[in-house]
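Asker: A single structure is presented below for examination.
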Amino acid sequence: MKVSIEGSVVEVESGASCRDVLKQALSGKKFKKVLAARCGGTMLDLTATVPTACETLEPVYADSPEGLGLIRHSAAHVMADAVQRLFPGVKVTIGPAIENGFYYDFDYERPFTADDLEAIEAEMDKIIKAAHPFERSVMSKDEAKKMFADMGETYKLELIDAVPDDIVSIYRSGDFVDLCRGPHIPDTGCINAFKLMSVAGAYWRGDEKNAMLSRVYGTAFPDEKELKSYLNRIEEAKKRDHRKLGTQLDLFSFQEEGGSGMVYWHPKGALVRAILEDFERKEHLKRGYQIVQTPQILRRELWEKSGHYDNYRENMYFTDIDEQPYGVKPMNCVAHMLIYKSRSHSYRDLPVRLFELGVVHRHEKSGVLHGLLRVRQFTQDDAHIICTPDQLESEIVGVLNFVRDVMGVFGFEYSMEVSTRPEKSIGSDEDWDRATSALVKALEGQGLPYEINEGDGAFYGPKIDVKLRDCLGREWQCATVQCDFTLPDRFDLVYIGQDGERHRPVMVHRVILGSVERFIGVLTEHFAGAFPTWLAPVQARLLTVTDAQNEFAEEARAALMAQGIRVEVDTRNEKLGYKVREAQLEKIPYILVIGDKEVEARGVNVRLRKGDNLGLKTLDEVVDIIRADCEEPFKSGGMRYSFS
């Protein structure tokens, strides 16, 4: 048979391996970078036989995303091998490749330590140098269960039972044996650069009722240069960790005695939040949204009607009031529909755009809670647009333009995904197809690139997920636009059309920032705590050299505050250098020094937090400088910053 490989047609003998065929078609230099093959969307080991129906055989290179995933998956096996060599009696569970590396979960008598990681790395080096080939074999489930039972690997027995087929695949590398679908790299020697990163606890299968395991995280790259670059980014990310900066800048805290996953906003953090929320309210009002406020709890029957009870119950909190069951809202859509239904609507009234900075509660397992990024109580900048089917595309486009303008203010680049129907969902196939088509049509009509994310939509409708990219190249999911034909039907939302008849509207669910808490966490890390001047809780601090300048410092503070500048005064009897350094550590944008010369000139010496010195300026000049700094981010979106 004949197979196409990178534009060349190769004659393939029956039973030939992918390795032999690719080696025949590629140059020696290119072939050295090949880790596996792909045929018809299926990845194959190089030792696998070329399928008889294969028309195109694609090499999978080490520097491709697929190749990187293979390296990391194989590195997880090498790590498990090393752990079994060093810690007799340890049981292995699962070890997949993940976004930035890999992990493996182990059941051992004690948690692993940092010293253990060093020993495991050293043992992995030995295994890699031995270049053990990864060898695939298949056997019946019964044979596999007997083999792993004899090895004492009880977790593997449970995994085998979950396999729907009668046959399972096994991979061997040296003396290590693992249950695995594969594929893998040719041999352990193909792992050129790796690093074990950390240890954490993880429940077996993510269930808190199961055994607590030790999860060892690692990463791997095609070469040392890429690994070093990644490790440098990790170190920078540690410096920017919003949890650390939240304490350093006195923005927020978490009080475990009050409950996990709940944020306590301190004055400066609450001010950042208030400024952000005020910005949101003004921008929504300018775009024709109406601000609403709705209750925290609603009768359970409403959540049953909406489908949340059947499809989202495990993420909700419930309580009884006067012997009536209630649910704490995880989303705002049901309450917004009740507002819409409280009065009749004509086609002339549509679209109706209801906006709420709504506090919601969602039960997240304690193991996934992470600072502001994953909490149990948070505020969504949530809006629901109820419109006619003819208005749907233009409303989606309006939301996408809103996202563009807001992300521009913060300087974020972003990408978009269309997330389609999940397995657990409500509504007809026809409605899902219509909704998905509307989202895709809006994106394509604006010439916006997107990817399809199969099966990740909300249970009531497909959505556009907007993923912003921070200064370290990390992606964060914030904004979403969801199209919903189902809930308007369940709640019998109607409008009177031009024909005088009742018609069913469509509903768009959307957030711009998403969770306000999460967005502030992302902002904190993106800016390393040095918020843009318009968002900084303290925009300027006046520092006196001696007590002789205290009176003028108070006059200057009053004058700046009168112009809408958020300013503090530091008149402590400390050395000026100490006070300047402290202000820089607190990331205050403008440090205004007052000595005798400044008092005489009725001005201040202006220093920036990054160290630049603008020299002596009058107070009016300082106001102009700070205002210009505040206004700059808003220019690209045609927006204006308000000092009110």
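Cβ atoms here come from the backbone N, Cα and C positions, even for glycine.
Found this in Swiss-Prot, in case it helps:
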{"type": "BINDING", "residues": "Cys333, His384, His509", "note": "Zn(2+) binding site"}
{"type": "DOMAIN", "residues": "1-61", "note": "domain 'TGS'"}
{"type": "REGION", "residues": "241-532", "note": "region 'Catalytic'"}
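Tell me what's around each of these sites.
Answerer: Residue density at His384 (Zn(2+) binding site): 27 other Cβ atoms are found within 10 A of its Cβ, drawing on all protein chains shown.
When pLDDT is averaged over the domain 'TGS' (1-61), the result is 90.
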Asker: Using all protein chains in view, find how many other C-beta atoms are within 10 Å of the C-beta of Cys333 (Zn(2+) binding site).
Answerer: 24
Asker: Excluding Cys333, His384, His509 themselves, which residues in that chain have a Cβ inside 8 Å of the centre of the Cβ atoms defining the Zn(2+) site?
Answerer: Met331, Asn332, His336, Met337, Asp382, Ala383, Gln482, Asp484, Leu487, Met507, Val508, Arg510
Asker: Long-range neighbours only, meaning 6 or more apart in sequence with Cβ under 8 Å: which ones does His509 (Zn(2+) binding site) have?
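Answerer: Residues satisfying the criterion: Met331, Cys333, Asp382, Ala383, His384, Ala458, Gly461, Lys463, Thr480, Val481, Gln482, Asp484.
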Asker: DSSP-wise, what's the residue breakdown of the domain 'TGS' (1-61) into helix, strand and coil?
Answerer: 12 helix, 25 strand, 24 coil
